[in-house]
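Here is the structure we will look at, set down as structure tokens.
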Amino acid sequence: MGGLASGGDVEPGLPVEVRGSNGAFYKGFVKDVHEDSVTIFFENNWQSERQIPFGDVRLPPPADYNKEITEGDEVEVYSRANEQEPCGWWLARVRMMKGDFYVIEYAACDATYNEIVTLERLRPVNPNPLATKGSFFKVTMAVPEDLREACSNENVHKEFKKALGANCIFLNITNSELFILSTTEAPVKRASLLGDMHFRSLRTKLLLMSRNEEATKHLETSKQLAAAFQEEFTVREDLMGLAIGTHGANIQQARKVPGVTAIELGEETCTFRIYGETPEACRQARSYLEFSEDSVQVPRNLVGKVIGKNGKVIQEIVDKSGVVRVRVEGDNDKKNPREEGMVPFIFVGTRENISNAQALLEYHLSYLQEVEQLRLERLQIDEQLRQIGLGFRPPGSGRGSGGSDKAGYSTDESSSSSLHATRTYGGSYGGRGRGRRTGGPAYGPSSDVSTASETESEKREEPNRAGPGDRDPPTRGEESRRRPTGGRGRGPPPAPRPTSRYNSSSISSVLKDPDSNPYSLLDTSEPEPPVDSEPGEPPPASARRRRSRRRRTDEDRTVMDGGLESDGPNMTENGLEDESRPQRRNRSRRRRNRGNRTDGSISGDRQPVTVADYISRAESQSRQRPPLERTKPSEDSLSGQKGDSVSKLPKGPSENGELSAPLELGSMVNGVS
């Protein structure tokens, strides 16, 4: 029991004996020292921690204290009053001794109580008196933050405690201070001298202990990895920075691969060792760390096209492949072996990235070589064409003005971009003339050119197939619409020519020449002879009416529009100027249905304005005005024959198209029975 009491290593605190209410002394530990009491906590916490006055506390007997026990001596017996209390030291007296057994009598009890005990439960009476204020001394030392965890273990203070001569050293967790308790004053003076040295040596010991623990773990890991899969490779010294990555990013990425257990790096030998559970995990981690350098030979004449404008092509290869960089070796750089006429392109990156870059570059080189072969074939074809006499037509020849510079085929000395496009020459030699090329976008026909060529051919064909009697003279509206103007018909319209011929002499002119063309009345404009022509010469063919190839719509003016719309004022039946009549809607079939129907149907015919309409209009005007005096004797008979039929006509032209009687009269005027 004495060793247990004196060894301050078992519990954090100064061991003492505390007197209970029954007079027995129980084992406790001093946790703190106050003015008139000490803070005690008991063994096994059978009682709560509390402050006890100095008069109820004493120190345990010294470890070397030994006294022979005889009959009649007072002793202390280690016993307990009941099962609920722990054992304590009770005062008793020896009544009888027989071998190793002692009969003792307790003195604390009122009634005499005897018990037989062995020698292990007996000890001489404790020679230490009850404690006083000067029985305990305490020293506190502030503990650095990095050493608080280490100071919580009392074993690290063993040498420090021995050097001080203190009874107990422990860390107070409440205020993170090191408590030094002693029963003498000497340790208090030594603590200020050895405190700093103790903390410094403690920090060094902790560092060494952590290294030893790390080495132990490494040893265990190495034993486990010896039976696992392993990958070992070496990286060039100048590429070690790329392999490690920024702040070790590549190594961290490799360690995150599932199945990788450890990665070792030999900085002196630039060697990586990868340990993993599977060979696939080791190879994947290796692909992140193994950086190297490789080159691709590029023909000298294709270097510019491989690099591209402003390095666009080679930059695309770098971005897609993932290599770190690419270097084009100059002629003065002889580090890497090169072939004759070739320029090395040196790529730096991982094995996989370099392989991707080589595949992209080789494909681009094959494409450039095929394009060059196609260009040479085209040059051979052009040379053969020159030899057989056709020759090579330069781009833009035969095109309209302003079109030769915008579209066309480039020559053999064109830029490399024009060589990528596929061109055809078939449309330049087998078309319908220089203005009808349809081979490609460079020779696309223009609508103005094609229309002009077709119109001129029709001009040359019209005099042969159309006579002077079976052509209809164009109306003023049609002639003004077909008269060539500047540009494409977007210029200012021609000056108007006021006329009202059909109001004054339309009837007389028809009666004078019944066999003439009645539709000539609708032409209200006089043809202008060209300036260079003689008065007696006929107008040139270009001034004749040309039939437009464009399909007419409802907005186009027709023969009736030209007859009803004149530039001058119209005369009404009263001889006064009136506004122009509303235009009738045009129908394209009216120009095709000029003849009279045999059945006399008017509703389904919808003919344009005929001569009979003008005759009817003139008769209605003659009722209000005196008749014309320009009639001849040869006209009287004709007028007499027609007077009866004219008198049966309505006063004005019908607006709903009922023109059956005028159609018959028109047939008689034209001389058709």
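If you go along the chain as it appears here, the first residue is 1 and each next one adds 1.
Keep in mind that glycine also has a Cβ here, set from the backbone N, Cα and C atoms.
Residues annotated as domain 'Agenet-like 1' in Swiss-Prot: 14-60. In the predicted model, residues of the domain 'Agenet-like 1' (14-60) average a pLDDT of 87.
Sequence annotations record features per position, and here Swiss-Prot assigns domain 'Agenet-like 2' to 73-125.
Per Swiss-Prot, phosphotyrosine is recorded for Y78, and the stated evidence type is similarity to another entry. In three-state terms derived from DSSP, Y78 (phosphotyrosine) belongs to an extended strand segment. Summarising the environment of Y78 (phosphotyrosine), the number of other Cβ atoms within 10 Å of its Cβ, over all protein chains shown, is 15.
DSSP gives S192 (phosphoserine) a helix state. What Swiss-Prot records for S192 (among others) is phosphoserine.
The domain 'KH 1' annotation in Swiss-Prot covers 232-261, and the record cites sequence analysis as its basis. Using a Cβ-Cβ cut-off under 8 Å and counting only residues 6 or more beyond its ends in the same chain, the domain 'KH 1' (232-261) has close neighbours at 221, 224-225, 269-278, 280-282, 284-286, 288-293, 324, 348.
Summarising the annotation, Swiss-Prot assigns domain 'KH 2' to 295-324. Within its own chain, the domain 'KH 2' (295-324) has Cβ neighbours under 8 Å at 242, 336, 338-339, 341-350, 352-354, 356-358, 360-362, 364-365, 368-369, 416, counting only residues six or more beyond its boundaries.
Taken from Swiss-Prot, the feature region 'Disordered' covers 389-673.
Look at Swiss-Prot and you will find S410 (among others) tagged as phosphoserine.
Sequence annotations record features per position, and here Swiss-Prot assigns phosphothreonine to T411 (among others).
The compositional bias 'Polar residues' feature in Swiss-Prot is assigned to 411-421.
Feature annotation from Swiss-Prot assigns phosphoserine to S450 (among others); the stated evidence is similarity to another entry.
Taken from Swiss-Prot, the feature phosphoserine applies to S453 (among others).
The annotation compositional bias 'Acidic residues' is assigned in Swiss-Prot to 525-535.
Annotation comment: Swiss-Prot describes S533 (among others) as phosphoserine.
According to Swiss-Prot, the feature phosphoserine maps to S566 (among others), an assignment based on a large-scale study or a structure entry.
Per Swiss-Prot, phosphoserine is recorded for S580 (among others).
On the backbone, the CA of Y78 (phosphotyrosine) and the CA of S192 (phosphoserine) stand 41 Å apart. In this view, S192 (phosphoserine) is surrounded by 10 other Cβ atoms within 10 Å of its Cβ, with every protein chain counted. In the domain 'Agenet-like 2' (73-125), the DSSP tally of helix, strand and coil residues is 3 helix, 32 strand, 18 coil.
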